[in-house]
Amino acid sequence: MINPIYLILADFFDRYIGEPPEKVHPVVFIGKLISFFENVFKSTNSVNKNRDLLFGFLNVVLVLAIVFFMAFEIEQAINSISNSYIRISLYSIILSFSIGHKSLIEFSKSPIKFIVNNDLESAKKSVQCIVSRNTNELDKKHVLSASIESASENITDSIIAPLIYAAIFGLPGAFLYRAVNTFDAMIGYKSEKYLYYGKTAAYLDDILNFIPSRIAGMLLIISAPFYGGNVKSALLGYFNEGSKTPSPNSGYTMATLANSLSMELEKIGYYKLGKGEITVEKALNSLKAVDYSVLLFLIIYMILFM
């Protein structure tokens with residue numbers, strides 16, 4: 001397990017400084033790698049089950065191999081630096097590139113701000129950037145719901161899971177996870193084109209998020225009093241509704257937060273989680289929940305491994 005100072009500084013750098021420019025962002029580079037091999041292996045939109053399964057698997061293996069090699073070499077180079085201040089700072093800065101704490105808050109808050117200003121059309125356009133559903137027909141309630149769903153799901157994807165894999169496996173663990181997560185975002189959905197080609201990526205993402213998503217849900221339960229939530233309701237939501245989404249993982253944070261803040265989150269035609277009116281105040285408290293759950297994780301990790 002790596003020193004807690006690396007995780008604390010990495011989250012601090014990401015939360016208060018933000019991500020590097022796209023030209024040098026590792027996750028953007030990973031996305032370009034995925035697209036490159038997709039163009040090599042899947043030059044046509046036609047579907048062939050066996051071919052797509054094989055080439056989708058090869059795409060994942062090749063990209064993960066490249067990411068692991070690069071992250072491992074970077075980690076070795078940093079660890080060879082004798083000056084501890086430079087070594088710790090550089091390691092933490094690189095690690096921060098695997099986290100999306102600041103961007104999660106900013107993207108989730110944007111549609112909420114438009115709702116506050118009674119600009120529903122801009123809110124729908126804003127929330128379209130963070131969810132895959134059609135937002136054209138959404139009302140105020142469902143725009144807020146989509147924003148909160150995205151924030152609660154991405155507590156795992158963007159922050160807790162990268163920190164967990166970094167804690168156990170260092171830079172290679174964090175960036176291998178981010179690579180799998182990027183794969184899932186790009187090709188891991190059940191469209192005709194990616195039904196088989198993206199299957200390996202989707203399964204691997206489900207596996208890697210299984211434990212982190214449940215840890216993230218528990219963090220939301222424990223930290224509930226700090227963001228205006230209710231511990232008992234959060235706990236009931238976690239166990240009663242956590243498995244009610246199509247994803248085997250995302251429901252645990254969404255259901256926990258929905259019940260903790262007494263609000264109904266709904267993706268029309270797919271699921272309803274929690275009960276109660278969604279308000280702007282509850283939406284903003286959801287973003288506080290992100291910060292407090294991450295803070296709690298870092299405190300627990302520091303107590304255990306400092």
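Using N, Cα and C of the backbone, Cβ positions are placed for all residues, glycine too.
Swiss-Prot lists transmembrane segment at one of the ranges 4-24, 88-108, namely 88-108. Remote same-chain residues near the transmembrane segment (286-306) are listed as 1, 3-4, 7-8, 11, 15, 101, 104-105, 108-109, 112, 148, 151-152, 155, 159-160, 163, 167, 215-216, 219-220, 222-224, 226-229, 257, 260-261 (criterion: CB distance under 8 Å, separation of at least six residues from the stretch ends). Of the recorded ranges 54-74, 155-175, 207-227, the transmembrane segment (88-108) has the largest number of C-beta contacts under 8 angstroms with 155-175. Beyond the ends of the transmembrane segment (155-175), by six or more residues, the same chain brings 1-2, 6-7, 10-11, 26, 30, 67-68, 70-72, 74-75, 78, 91, 94-95, 98-101, 103-104, 181, 208-209, 211-213, 215-216, 219-220, 249-250, 253, 289-290, 293-294, 297-298, 301, 305 to within a C-beta distance below 8 angstroms of the stretch.
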